[in-house]
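Participant: Questions regarding the structure given below will be posed in turn.
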């Protein structure tokens, strides 16, 4: 455990922010730097079959140290950080023995406050690693990486019985490309766990069904003084479209298992407007109904337009709820829950109001629920992680490996 914090601080010092709308994978050069560093560290630790693909997926194996037909299992984290907030020049603050109250983030006005983030009340006495208020921290998912690397070291140093342990570090998870180039056959694990969750005890095997909706609106612009009966304002059409979307089914109005429509971006002029929505729902039937709703809205608003003016809608599915795949293998969850209890942690099964690489991997034949990292408030300058939470994650990973070795 001694090197856990050292590893984490080393990894977050590298800017690995991914970038949307880029064809190449990984989308940024910084991700390659971390991948090459991890490859070097895995080789130094003596892992075998260490490979780094041209698409930036790093894989390695810690060979079994006990005989028998023990299933190979995997642990996976992603190297990129969110495009939503800068990941350059991350300057972590270490707050030992947190005593409550606000934590100043750097020398500006930003604070980490229990008024805004009540979870802090539960973390008294712990060591918090925060940002300086200028960047995100990168615990999502460099905490997961540090935890996997430390767990490998613990398994080796303490000679804990285990089967083959596969590990993988992927790029571009935050822009939805993390699993698209993942070679499940080469990974060769019976099942895996992403280490990409939040607070201690979280175990997630349900996530949103997800789709993106891109709407192109073509209008007609003329001088406003002579516009009657001629102008078709694309911006007005965009406003009408959004007015038809249920206002009480937006991200800021929903929680738990509730789905939503989210207008993520809108831009345009009288001539042309573009809207980008994301649709999310845990229930597959409701998910399909939401997509139909968007098509109906576009058809309604576009009815009667001049042929040269039109509304074009393109819907693309992004990922699906992995629950339907994971529940076919209940022992995967049983082992994780038992491992947590053995580490004095009460498992908290909760839905992911988002997605992980594991969602896509589960539909590619690799059932892959998600384990906690001990981090909070991802994707922004209030992100933080607890050292104690990271240590617990290491213990759970090690215990999962140990329990799996007992399933001969």
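Backbone N, Cα and C define each Cβ position, glycine as well.
Quick caveat, the model's predicted, so the values are computed rather than measured.
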Participant: For the Zn(2+) 1 site that Swiss-Prot describes with 78, 196, which of these is also annotated: 132, 140, 164, 248?
Facilitator: 140
Participant: Pick from 110, 174, 346, 348: which one does Swiss-Prot list with 140, 379 for the same Zn(2+) 2 site?
Facilitator: 174
Participant: Sort out for me which one of 80, 140, 173 has the most neighbouring CB atoms within 10 A, since those are the recorded positions we care about.
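Facilitator: Neighbour-count leader: 80.
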Participant: By CA distance, which of the recorded positions (173, 174, 379) lies nearest to residue 78 (Zn(2+) 1 binding site)?
Facilitator: 173
Participant: What residues, ordered by sequence, lie under 8 A Cβ-to-Cβ from residue 174 (Zn(2+) 2 binding site) and sit at least six positions away in the same chain?
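Facilitator: The answer is 18, 78, 80, 81, 82, 83.
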Participant: What are the other residues, in sequence order, whose C-beta lies within 8 angstroms of the center of the C-beta atoms of 78, 140, 196 at the Zn(2+) 1 site?
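Facilitator: Filtered neighbour residues, in order: 77, 141, 144, 173, 174, 194, 195, 356, 357, 373, 378.
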Participant: Measuring CA to CA, name the entry from the recorded positions 140, 173, 196 that ends up nearest residue 379 (Zn(2+) 2 binding site).
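Facilitator: Its closest listed neighbour, by Cα, is 140.
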